Ligand code: ADP
Ligand code: ADP
Ligand code: ZN
């Protein structure tokens, strides 16, 4: 399946992406994870991207679109992919459509994880992420089994530099201005599906499986 995940920062995209990717055997592609890897390796891309990410701004489309282009031509995307955090602008969505069209492919769905703003600050400031595999935890809602260590790979979990209340508020404004229009964009293409993201993590996942199962059988 070819899926993109939409939703504000803190909606639970990364959390659900790990489970969806396992269930459907498709790679989880997170542009945020790709940028963070480049930042930790101090590549030219990472140094440039960090300037925007630390302020809660979007990395410019010129940098972001090429990264996704390069990633989608890798062999593991032959049977589909799950994009988490891309597209974030209409320009990025149009670029994705062209990339897929050139391969004779199209998206199965743009899945919106709906979470009202009042949930977001609490989720983001309590978030902890694995420095190695990117798994996302929460100090209250999804704690690691061993304090400070990732359940999956055993490495350290940390708080992201951009998960401060101030930056999250900025990111939410940017979401409203630049990413929210994608909801209408994919509605007009009959590709939007929605799930209530306020429920417990496992319940959200069950609902996602129901939605994706129905789309998959319709498309086959
Ligand atoms: P996103 O990738 O959309 O920014 P994450 O998946 O990293 O979001 O989730 C943000 C934070 O909220 C994390 O700390 C995560 O553990 C927590 N979280 C995710 N889904 C839920 C949920 N359904 N209920 C409560 N907390 C959640
Ligand atoms: P979250 O889901 O918590 O908002 P991500 O890990 O998806 O965060 O992204 C972290 C940051 O990386 C974003 O705030 C933004 O600065 C940058 N970023 C990630 N994906 C994109 C994208 N598609 N376009 C522009 N900037 C991006
Ligand atoms: Zn890990």
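Just so it is clear, glycine is given a Cβ too, placed from its N, Cα and C backbone atoms.
Sequence annotations record features per position, and here TrEMBL assigns ATP binding site to 10, 11, 12, 13, 14, 15, 127, 136, 137, 199. DSSP gives residue 14 (ATP binding site) a helix state.
Listed as Cβ neighbours of the region 'NMP' (30-59) (distance under 8 Å, sequence separation of 6 or more from its ends, same chain) are residues 14, 17, 67-68, 71, 83-86, 88-89, 131, 134, 161-162, 166-171, 174, 178. Per TrEMBL, region 'NMP' is recorded for 30-59.
Taken residue by residue with DSSP, residue 31 (AMP binding site) is part of a helix. Taken from TrEMBL, the feature AMP binding site covers 31, 36, 57, 58, 59, 85, 86, 87, 88, 92, 160, 171.
Nonlocal intrachain contacts for the region 'LID' (126-163), taken as residues 6+ away from its ends with a CB within less than 8 angstroms of a stretch CB, comprise 10, 14-15, 18, 30, 33, 36, 40, 53-54, 56, 171, 201. If you look up TrEMBL, you'll see 126-163 marked as region 'LID'.
Annotation source TrEMBL lists domain 'Adenylate kinase active site lid' at 127-162.
Non-local contacts of residue 130 (Zn(2+) binding site) by the CB criterion (under 8 A, 6+ apart in sequence, same chain) comprise 136, 137, 150, 152, 153, 155, 156, 157. Residues annotated as Zn(2+) binding site in TrEMBL: 130, 133, 150, 153.
Same-chain residues with CB within 8 A of the center of the 130, 133, 150, 153 CB atoms, the Zn(2+) site residues themselves not counted, are 131, 132, 134, 135, 151, 152, 154, 155, 157. According to DSSP, the secondary structure content of the region 'LID' (126-163) in residues is 0 helix, 13 strand, 25 coil.
Checking the binding-site residues 14, 31, 57, 59, 130, 150 against ligand 3, the ones with a C-beta less than 6 Å from an atom of that molecule are 130, 150.
Using a 10 Å Cα-Cα cut-off from residue 160 (AMP binding site), the binding-site residues that qualify among 10, 12, 14, 127, 133 are 127.
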